[in-house]
Amino acid sequence: MITEGLAWLIIALPIAAMLVNGVLVRAFVGSNSKYAGYITVAAIGGSFVLSLMTLATVMSDGPLHVDTHDWITIGGLNLTFGLMVDQLTSIMLVVVSGVSLLVQIYGQAYMHGDKSYTRYFTYMALFTASMLGLVLSGNLIQIFVFWELVGVSSYLLIGFWMDRPTAAAAAKKAFLMTRFGDFGFLLGILYLYSQNSSYMDISTLYHEIEAGHIAVGVATWVSLGLLAGAIGKSAQFPLHNWLPDAMEGPTSVSALIHSATMVTAGVFLVARFFPLFEHSDAMTLVALVGGFTAVFAATMGLVANDIKRVLAYSTVSQLGYMMLALGVGAYAPAIFHLFTHAFFKAALFLGAGSVHHASGTFNMNYMGGLKKHMPRTYWGMVIASLSLAGLFPFSGFWSKDEILGHAAHVGTTTGNIVLALGLIAALMTAFYMFRAVFLTFHGEWKGGGEQEIEDAEKAGEPLPVGSAHSHFGESPWLMVGPIMLLAVLAIGIGFFSNPLVDIGGIDKHAFAHYVTHNHEVFPTSEAAKHAGSSPELNVPIAVISTVLAIAGIGLAYLMYIKGSISPQAMGARFQPLYNLMFRKYYFDEMYENVVVRKGFYKYVADALRWFDEHWIDNANVHLSNWVSRIGKSGALVQNGQTQTYAVGMVVGVVAVVAAFLLWG
Amino acid sequence: MTAHDYWVLSPAIAMALLALVTVSVDLVTRSMAKVSTVAFLGLSAPLILTLNLWFGWFGDPATAREATGVADLGSALFGTVETDRFALFFDFLLLTVTAGTILASAKYIASERMKDYGGEFVSLVLLSVTGMIVLVSATELITIYVALELTALPVVALAAIHRSKQGVESGTKFFVLSAISSAILLYGFAYIYGFTGSTNLAVIMERLTVLPNDAGVPFGSYAVLLAVIMIVAGFGFKMAVVPWQMWVPDVYQGAPTPVVAFLSVASKAAAFAVIMRIMYVAFGDPALMQDWSGLFAILAAVTMTLGNTLALSQSNIKRLLGYSTIAQAGYILVGVASVPANQVGATFAGAGPQGVMYYLAGYAFTNLAVFFAVIAITSRTNDDSIEGLNGLLKRSPLLAGVLVFGLLSLLGMPPTVGFMAKVVVFGSAINANLTWLAVVGVVNTVIAAYYYLRVIRAIVFEDAEDETKFSADKPVLVAAGVAAIGAGVFGLAPFLLLEFAEQALSILPAIVTGL
């Protein structure tokens, strides 16, 4: 069904939409043209259909065989380009294009009336194309190119409202921090390239690893490089703190890049090079980084007041889950969690946008009682929250349980540590999600955007950005529809990998079987089983995690609905801890003051400035004087006289002959 | 002439006929729109014949295609002309450039001052291209010389076509200096004929290997040394290589811009093609190759350095582009100097010549985009100083975009074709053990950045005195846009060109043995 040409079309359609919107629509129709939205939706819709075709093809025929093409050959340097269409790619394609499509539809309403509506859909098309290109890439250099394109387009989207200083700063922060990780990524690529340039091709790399041609040391260093890139992109500790700030972008942007796409790129990267990681000594580090981040980010989510930031911390925490799973070898559960998380997290972000539409604020302290005004948004978000909290039978339950079960099954020290971390995070997740739901939808209405502005004026604080007038009522269907659809998916898709029974046409473990049925990555069925191709339901773990989730929800209920435990009293009692979490463990301050000001500015920048002033500037001055002197003397000959030119030509011949005779 | 001769010469014959048809259309209709249309559409004839010879569409004249997959037409006219793939590559390039030039000058020849000799203008361009098509196929010195004159004389007339003081000065300068360069070239040819007794390139190669040579003298003998330098000087004039480049800025400034666009791209490409053929076929002996590689390396370094430094202080955009083309010639010479014989750890012998062909094609698209944009702009503003471009981005965003893109490509900014072409030629220099030349090249691109960016700054950041908006004439805009898109596509997908270049080069014996 799918051919190589059609697979290229998956990337080409959004790129075409970007070009049409960015060049033609903007120049000839206007910066606020409804056609821009239609074009992007149509293009991404096309990509989605092709992605489904790809999935169907790979399901029936296995990975698509695609030739690599020479991109450029100079001397010994041979760079190729090509596609990789395997099980992992097909899943990622469907997730990315599917969620993107829903977000674009939602954006038609959410961005309605924005003066840069065309630009929004131009960037969105570019972003989607970059992400689709990333998951389709057949070699490491191509991955890096698209990886950076994802970085650039996310920069553009986060800073979309560039007249807001906070948005511009957040975009810069996101870009710089992810670039920091990319530095490691690039070093990893270069090291692997220096071993053998053919390793750039991913299929070749798989075969070479299986054949044992790659030393463990090499694999470890390269894996660490890739992990650095993944930590940056997936906002893992210690490069996590760009993501909450990145909520400055439009909410629909957050829904896309912080649920299904950009942030999952890091997890995708580790999954793509899973054989390399397994061959290396870096797996423990992957697991510990993931496990620590899962808990660490969740603690900050406990106290955040901005609903989008709660979701942001939750995303970081859930990405930690995926990393943790990959680190203990649970390939299939990790991909499955990525899959389920994409849908329920997108639903939550879109829900937050819908809530903002009604209340005019993102600060949960100014919301409350919205349940009766917007029941569809409410139920959509409750279902997604239950799924995120990991309650049966929602999709999050299945994927989270598979991860924890796998960690328990591994039985190593690392496995047990991350199991404990995962369980703690599960408790916190349930608590902060339902804290958000209760503060937003239950209780009394607390004034919304107007009240927030008024309070800020009274306190003499800077006015909150993005606050607007509240107008009660359900959001338009273009916004609610995608939320409800995603909520339905949040219930349903868990059964694709249920470990208990065959349901209709879907066998048990269908999803896990599918993603591990790739002989290049898992040459033997033993290896596939090891990567979680058919995880059993671990009943004790399932019971414990469910109890923890219910406990978290219950605690939130007691604190924010019944009021039997006062949040203020709790905060006062654990004042130092509360402050620590609320100020995000002072990581922003630490990076800003210690790393950037004291370290970078003081030592590196000062040293460079000295070098620049004393060496570069002087050299420049001399060089430019010298260059302009040549120019002046040359211009003397260029006097417009034909005779001079004629003599010059003959003198030129004589000079060249003389030079040859003297030095030849 | 046999039928086979006609077959081999078919693109050139079609081109000459088209020139005659165009002039007749002018006589009969006096309509410049019809002249342009006929010339533009008529170009499809030589184009189809060129593609036919490459792919063998209409009956296959190739004798050896079955065995090798490569069309080998054999020679025509007693071994003086050979339309092989090397020639066909350049034919295709030249025809593309001609199509662009005719499109971009459609409005110009219909203008008040030109409409009386618009037909002559187009037909002179076509005649000059006819000469180039023969030139790139010629395998014999006399034919090369005749073809060269056929390319140069129409250009003289074109440069002076305005009959204004400036135009006539420019035409006369070009004519006199071109005659001198031809004289030097003929001297070189005479020496080589006197030494080897043949004017056929392949025979010259054979004789040179058997004739006695003096190990202490470069090129094995003083006669060959003088001959090579004079031949290089003769073509160096056309390629705008220092120290035979002095005519370039004056003629560029004085001649009509469409002529300059044509001159800067087409005659340069043809001259590079023929110099490569002469060097690789007649002087392709590895020992000789070492020597002329050194010659070209020095010329390359001097040419780009002088072209770039002289461009720094220019205030006229056409003059600046004149110096820029000199510098670009220097970069291309780097590829000529990177010969297979010097190669260390040879993995791909064709890289140097292949780089030349890639660079020339990319440069053709880029430079045409720039010149066409300049034509479109100056025809509206009547101001060809750099200040005249101030604030262009606000006045005509599309033209400004094309011009900025073209300038970035000339500068060598990724991902344009200019960047990729520099990577290829500098890379081939390193492979050919000429690292110093690659370093000089990179330093030069830094110097060049200054004056290209100065123009870009004027376009993007400066405020215009006159803020009225204007848009370009459609045909010029289309030509410029297509050229710019070509420059972008070949930059992103170099393999599209490199593969054809590799096939084209497979006919040069010195490279084939290197492979």
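Cβ from N, Cα, C; glycine included.
For the transmembrane segment (B:6-28), same-chain residues at least 6 beyond its ends with a Cβ under 8 Å from one of its own Cβ atoms are 34-35, 38-39, 42-43, 45-46, 49-50, 52-53, 61, 73-77, 81-83, 91, 95, 118-120, 122-124, 126-127, 129-130, 133-134, 137. TrEMBL lists B:6-28 (among others) with the feature transmembrane segment.
Within the chain carrying the transmembrane segment (B:35-55), a Cβ under 8 angstroms from the stretch's Cβ atoms is held by residues 7-8, 10-12, 14-15, 17-18, 21-22, 25-26, 29, 61, 71, 73, 83, 85, 88, 91-92, 95, 98-99, 102-103, 105-106, 109-110, 118-119, 122-123, 126, 133, 475, all 6 or more beyond its ends. If you look up TrEMBL, you'll see B:35-55 (among others) marked as transmembrane segment.
Residues or ranges marked as transmembrane segment by TrEMBL: B:86-105 (among others).
Here TrEMBL flags B:117-136 (among others) as transmembrane segment. Here the transmembrane segment (B:117-136) has long-range neighbours at 9, 11-12, 15-16, 18-20, 22-23, 25-27, 32, 35-36, 39, 46, 81, 86-87, 90-91, 94-95, 98, 101-102, 105, 109-110, 143-144, 146-152, 154-155, 157-158, 161, 262, 266-267, 269-270, 273-274, 277, meaning same-chain residues at least 6 beyond its ends whose C-beta is under 8 angstroms from one of its own.
The annotation domain 'NADH:quinone oxidoreductase/Mrp antiporter transmembrane' is assigned in TrEMBL to B:138-447.
Here TrEMBL flags B:142-162 (among others) as transmembrane segment.
Feature annotation from TrEMBL assigns transmembrane segment to B:174-195 (among others). Counting only same-chain residues 6+ beyond the ends of the transmembrane segment (B:174-195), those with a CB under 8 A from a CB of the stretch are 141-142, 145, 148-149, 152, 155-156, 159, 204, 211, 221, 223-224, 226-231, 233-238, 244, 246-247, 251, 255, 282.
Per TrEMBL, transmembrane segment is recorded for B:258-280 (among others).
If you look up TrEMBL, you'll see B:292-313 (among others) marked as transmembrane segment.
Annotated transmembrane segment per TrEMBL: B:320-341 (among others), in sequence order.
For B:398-421 (among others), the entry in TrEMBL reads transmembrane segment.
Sequence annotations record features per position, and here TrEMBL assigns transmembrane segment to B:433-453 (among others).
Annotated transmembrane segment per TrEMBL: B:476-498 (among others), in sequence order.
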